[in-house]
Amino acid sequence: MKYILSIDQGTTSSRAIVFDKNANIKGIAQKEFTQIYPQPSWVEHDPTEIWGSQLGVITEALANSRILPNEVDAIGITNQRETTVIWEKNTGKPIYNAIVWQDRRTAKICDQLTKEGKDKIILEKTGLVLDSYFSGTKILWILDNVEGARQKAENGELCFGTIDTWLLWNLTQKKVHATDYSNASRTLLLNIKTLEWDDELLNILNIPKAILPELKESSTIYGKTDKSLFGAEIPIAGIAGDQFAATFGQACLKKGMAKNTYGTGCFLTVNIGKEPIINHERLLTSIAWGRKKSVTYVLEGSVFIGGAVIQWLRDGLEFFRKSSDAESLASSASDNGGVYFVPAFVGLGAPHWDSYARGTIIGITRGSTKAHITRAALESIAFQSFDILNTMKKSIPNFEIKELRVDGGASQNNLLMQFQADLLECKVVRPKITETTALGAAYLAGLASGYWQSAEEIVSLWQVDKIFEPSMPKNQKEKLLENWNRAIERSKSWIQNSHSL
């Protein structure tokens with residue numbers, strides 16, 4: 001019997017999951033790695049530690065499932081997007097730490113480019129707003145701040161990659177330097193209409209083309225793992241950025257279907273079909289996947305701090321010992337007690353895009369408790385997701401959401417899911433398998449290798465666990481949203497000089 005191995009390289013941990021033909025999990029392993037904060041609003045990872053942790057969990061997942069490497073039909077890779085690595089082509093050694101998607105150090109560069117009117121060109125070609133969230137300005141920063149980097153880049157001695165590319169390079173032992181369209185569409189460098197690296201964009205960001213990876217479909221054979229790693233050459237047959245893999249894993253394969261992933265951040269995507277809609281409401285248009293010689297586009301809204309707000313209550317304020325305790329604590333309060341929490345720890349994402357916003361807890365009185373603050377934190381995740389979907393309704397012609405498919409760690413929180421259904425006034429549907437990110441990468445790999453035969457087969461494997469129906473009175477919902485909007489306005493533009501970023 002054969003299996004699919006999914007590599008799921010996330011923001012805080014590296015994971016590996018083994019799936020069988022019915023999408024059942026046969027083995028799983030996970031390892032957290034170091035978060036590096038050199039100064040406020042800077043976030044880095046050690047690429048060598050990422051690779052080491054990923055290699056370790058692959059071996060562990062196979063051992064846990066008692067599956068031999070030669071029983072793996074194919075490997076799929078999914079990854080934290082935008083996070084940027086640059087390494088030496090000859091040695092494979094990174095020239096700087098990976099700059100993580102959450103990192104805000106290049107906000108000033110983005111401000112300057114916006115003053116020059118470059119944001120409009122970038123939006124039309126990439127579907128992205130000009131923000132430090134994306135890879136482009138991170139590459140520029142490394143080339144300009146690491147001694148000798150620019151010269152080496154001009155000489156073709158360096159490789160750039162998002163995390164998928166870095167893992168692929170190491171899995172094939174320097175044989176393959178490539179990425180897929182979904183990850184490339186988050187760099188600020190890919191023209192999402194021509195599906196090519198764009199010379200004008202490279203010129204704007206002063207990035208040499210020589211460092212860029214080859215572009216490929218998301219569901220295709222990239223290469224094979226080097227025999228020295230696992231004792232077998234395993235085909236690497238699928239790659240997609242985490243949110244796009246989750247969209248595929250949720251079987252949102254038809255135009256108009258939507259999913260929200262409640263992870264470190266929240267990422268709401270709507271399948272918009274085969275034609276890009278360039279959005280002027282500050283939502284993002286990206287390529288979700290490429291297969292069978294065409295690409296599928298999504299409209300996405302990104303919330304920077306989703307489940308991470310619960311981690312902060314756990315680790316920063318020590319409100320509880322386990323994240324799973326947040327639900328029972330929040331449920332001990334019948335409502336938020338007038339407390340609103342805007343977790344703008346690293347600024348605000350869609351639809352506000354304010355790098356200068358900061359976190360705020362407002363409405364506190366002597367009667368406010370840990371339970372009220374925890375409930376407000378959970379509610380903030382749903383409020384931010386509501387803001388995105390509300391903006392999407394204005395942006396997509398004739399778009400009416402009937403159900404929202406959900407996944408990610410915080411989707412297990414029933415209080416949060418019910419509140420989300422109440423705000424959106426639509427069904428929130430949680431599937432039986434919530435490991436949809438890893439599953440999406442597995443599906444893409446398995447379709448390329450012939451393990452699964454068709455998209456229809458993928459759709460048939462998707463099963464419902466629980467449906468949350470809206471039940472909140474409309475006037476109560478409207479009052480909550482009114483207060484949330486007041487709280488959001490208080491958090492905006494808090495940082496008054498860019499040195500504090």
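Glycine is treated like the rest: Cβ placed from N, Cα and C.
In Swiss-Prot this protein carries:
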| type | residues | note |
| --- | --- | --- |
| BINDING | Thr11, Arg15, Thr264, Gly307, Gly409, Asn413 | ADP binding site |
| BINDING | Thr11, Arg81, Glu82, Tyr133, Asp242 | sn-glycerol 3-phosphate binding site |
| BINDING | Thr11, Thr12, Ser13, Thr264, Gly307, Gln311, Gly409 | ATP binding site |
| BINDING | Arg81, Glu82, Tyr133, Asp242, Gln243 | glycerol binding site |
8 Å Cβ shell about Thr11, Arg81, Glu82, Tyr133, Asp242 centroid, sn-glycerol 3-phosphate site members excluded: Gln80, Thr83, Val100, Trp101, Arg186, Gly241, Gln243, Gly265
Residues flanking the glycerol site, with Cβ no more than 8 Å from the Cβ centroid of Arg81, Glu82, Tyr133, Asp242, Gln243 and excluding those residues themselves: Gln80, Thr83, Trp101, Arg186, Gly241, Phe267, Ser302
Binding-site residues compared (Glu82, Asp242) - highest count of Cβ atoms within 10 Å: Asp242
Sparsest-packed among the binding-site residues, when each Cβ's other Cβ atoms within 10 Å are tallied, from Gly307, Gly409: Gly409
Secondary structure of Gln243 (glycerol binding site) (DSSP, helix/strand/coil): helix
DSSP-derived class (H/G/I helix, E/B strand, else coil) of Thr12 (ATP binding site): coil
Cα-nearest neighbour of Thr264 (ADP binding site) within the listed binding-site residues, Thr12, Ser13, Tyr133, Gln243: Thr12
Cα distance (Å, whole number) from Gly307 (ADP binding site) to Thr12 (ATP binding site): 12
Residues Thr11, Arg81, Glu82, Tyr133, Asp242 binding sn-glycerol 3-phosphate per the record - widest CA separation, whole Å: 15
Nonlocal residues around Asn413 (ADP binding site), in sequence order (Cβ under 8 Å, 6 or more apart): Tyr262, Ala326, Glu327, Leu378
Binding residues Arg81, Glu82, Tyr133, Asp242, Gln243 (glycerol) - maximum C-alpha distance in whole Å: 15
For Gln243 (glycerol binding site): intrachain residues, at least 6 apart, with Cβ closer than 8 Å: Arg81, Thr261, Phe267, Thr269, Glu300, Thr437
Residues that sit under 8 angstroms from Thr11 (ADP binding site) by C-beta distance, when 6+ apart in the chain: Gln80, Thr83, Val100, Trp101, Gln102, Gly263, Thr264
